[in-house]
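Here the structure is laid out as structure tokens; the discussion comes afterwards.
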């Protein structure tokens, strides 16, 4: 079965947008694909129920319920291990793996979006996003910012992933100026040189995005 594990160098770097764009590409190619957020903190209350905001973005591409798109929906917008404690929920990694295996019975390609970065704890410090990626055996896509500071964040994320023996398919950098400035160009060069991992996607800055913008444009691929 095919899939990717999408992680990031930080929270709010664009993982959900990248996941949705990749999902759109797969669906447009008539590949049976879905996106899945194992643990979602910061649930939103709408129309009398809690909604998973990232799964709501996936719904702009495919018809997916919160139950299919997320195993643990937590209310407090903080690290999953703490949000689970506040909500009185125990995160069971085996349940997440079983959920992915269930999705693989229906879909040919599964995109798994992590929470925050790769060192984010799911169960205190005993089980991190990196451990979950190990269990699922999907290659990583690392989403990084294009701006100043990204070299350090991205190199550390790559080295941490390598320490866990994780395969990295590539880095997607998000939030470039149009056209890219000299600093951003140098960020790409140094990240590739220092990590030996290719930057496979370059996404321009967007203040927000609509249904029509959730599409992977060919000029973003590198």
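From the backbone N, Cα and C atoms, a Cβ is placed for every residue, glycine too.
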ATP site partner of 12, 13, 14, 15, 16, 17, 113, 114, 115, 116 (as recorded in Swiss-Prot), chosen from 54, 56, 63, 68: 54
Proximal but sequence-remote residues of the same chain as residue 14 (ATP binding site) (Cβ under 8 Å, at least 6 apart): 8, 143, 172, 174, 175, 203
Residue from 12, 16, 37, 54 whose C-alpha is spatially nearest that of residue 113 (Mg(2+) binding site), among the recorded positions: 37
Integer Å distance between the CA atoms belonging to residue 37 (active site) and residue 114 (ATP binding site): 7
